[in-house]
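Structure record follows, encoded as structure tokens.
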Amino acid sequence: MVDGVMILPVLMMMAFPSPSVEDEKPKVNQKLYMCVCEGLSCGNEDHCEGQQCFSSLSINDGFHVYQKGCFQVYEQGKMTCKTPPSPGQAVECCQGDWCNRNITAQLPTKGKSFPGTQNFHLEVGLIILSVVFAVCLLACILGVALRKFKRRNQERLNPRDVEYGTIEGLITTNVGDSTLAELLDHSCTSGSGSGLPFLVQRTVARQITLLECVGKGRYGEVWRGSWQGENVAVKIFSSRDEKSWFRETELYNTVMLRHENILGFIASDMTSRHSSTQLWLITHYHEMGSLYDYLQLTTLDTVSCLRIVLSIASGLAHLHIEIFGTQGKSAIAHRDLKSKNILVKKNGQCCIADLGLAVMHSQSTNQLDVGNNPRVGTKRYMAPEVLDETIQVDCFDSYKRVDIWAFGLVLWEVARRMVSNGIVEDYKPPFYDVVPNDPSFEDMRKVVCVDQQRPNIPNRWFSDPTLTSLAKLMKECWYQNPSARLTALRIKKTLTKIDNSLDKLKTDC
């Protein structure tokens with residue numbers, strides 16, 4: 001049994017029916033209703049305001065858990081409310097002020113497959129008996145077919161799936177003909193939006209089959225998984241990094257992170273198997289892998305280089321800015337930006353991942369939320385003020401300037417792999433020539449703070465106008481004085497200008 005906050009995980013109820021033409025119209029300006037709010041997710045509030053109200057019932061460790069609340073984003077309500085009830089969970093939705101006050105969700109009766117069959121037993125006569133016989137025969141045929149289908153699926157599951165609980169109690173959902181990508185893109189562009197309400201259920205984890213481990217680190221593993229035939233990424237956090245899982249889950253469920261250059265969020269889940277707890281973060285899957293791995297194998301032309309760095313700058317600018325309104329977001333600083341935490345998409349753009357150390361700030365309340373995570377960022381990418389411990393920890397702008405320093409180092413990594421005049425450098429991490437492979441805090445402090453060294457700029461860059469502009473830009477990210485560094489928005493505008501000048505040059509030619 002997991003204690004404290006860990007008993008009620010933040011899980012997503014995800015069932016995606018095939019959208020009709022009418023469903024595909026955006027529902028941004030839906031009317032808001034006052035709803036009764038009951039359950040742990042409500043805190044001290046007894047009501048909330050959203051576009052739909054709900055009442056849910058789920059079974060957690062043998063206990064019936066009732067919750068009431070509201071969906072603040074229409075697409076979330078649409079996805080959840082159309083989920084058919086299962087033996088372990090049910091949700092009923094409505095629209096109207098306080099409409100969920102007298103609604104209590106009911107679990108389906110065991111073994112009730114065809115609700116209308118009881119009516120047939122009340123009828124008499126030859127015709128009715130014939131219909132009942134036909135229905136029973138059809139049910140038997142379907143039952144045999146489903147059993148064979150389930151047995152075939154179980155034979156395909158590997159031992160890892162057994163360990164993570166994807167066989168026992170497997171719940172399937174009818175998602176029509178729509179793919180996961182289409183439904184997620186329709187509901188949340190390519191980011192997550194804010195997460196679904198805290199409905200206590202285990203649907204998501206039990207529907208995912210883990211296929212292969214694609215990455216390991218000191219804080220956990222990343223697996224390629226399959227959900228209803230679609231690839232997803234499953235990050236399984238180790239117990240030592242529980243705070244990072246909780247932080248990412250909190251961010252994705254409270255902040256509108258809908259952006260094509262932020263890793264798209266699907267669900268967060270927790271399972272307890274064999275006396276151990278697995279913490280899952282389920283996101284979009286990008287088969288190209290991290291920017292770190294991509295640069296080691298791939299050289300870049302001018303267009304692909306600019307596409308990568310501009311997309312990273314766009315994602316960082318979106319994190320840093322605060323957006324006001326009902327569809328707004330708090331300002332966020334990443335605090336661990338590096339090439340390993342940036343993923344490459346099929347279209348050549350990138351998206352920023354791993355928000356486990358992120359800091360949030362709201363201007364309206366002037367509240368700085370640094371979380372409660374003992375983990376620190378990557379030493380190689382630490383800014384001078386972090387290394388010499390002069391950073392103003394109570395100032396949000398300080399954390400944004402730390403991100404800008406790290407962005408400059410990532411920009412340097414990418415620029416080295418851009419071919420100009422037939423010349424290109426091998427991939428190397430920042431400060432590869434002055435610190436060991438796993439530098440200590442003191443190693444980096446001496447190089448960056450005492451000696452004030454910066455990554456070397458090759459001479460060949462100055463014969464290429466694009467690389468010359470990028471070199472100037474990265475130097476403005478590396479000022480020893482944090483307040484002198486560029487902002488993410490200024491970097492984005494500068495890179496856009498460089499990209500536009502390249503397009504103009506091609507047109508003139």
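Each residue, glycine too, has its Cβ placed from N, Cα and C.
Swiss-Prot names VAL214, GLY215, LYS216, GLY217, ARG218, TYR219, GLY220, GLU221, VAL222 as ATP ligands; from the candidate set LYS235, LYS243, the record adds LYS235 to that same site. Recorded residues ARG218 (ATP binding site) and SER501 (phosphoserine) have their alpha carbons 43 Å apart, per Cα-Cα distance. Reduced to three states, the DSSP call for SER501 (phosphoserine) is helix. The separation of ASN102 (N-linked glycosylation site) from GLY220 (ATP binding site), Cα to Cα, is 44 Å. Residues belonging to the topological domain 'Extracellular' (21-123) score a mean pLDDT of 76 in the model. Of the listed binding-site residues, namely LYS216, ARG218, the sparsest Cβ surroundings within 10 Å are found at ARG218.
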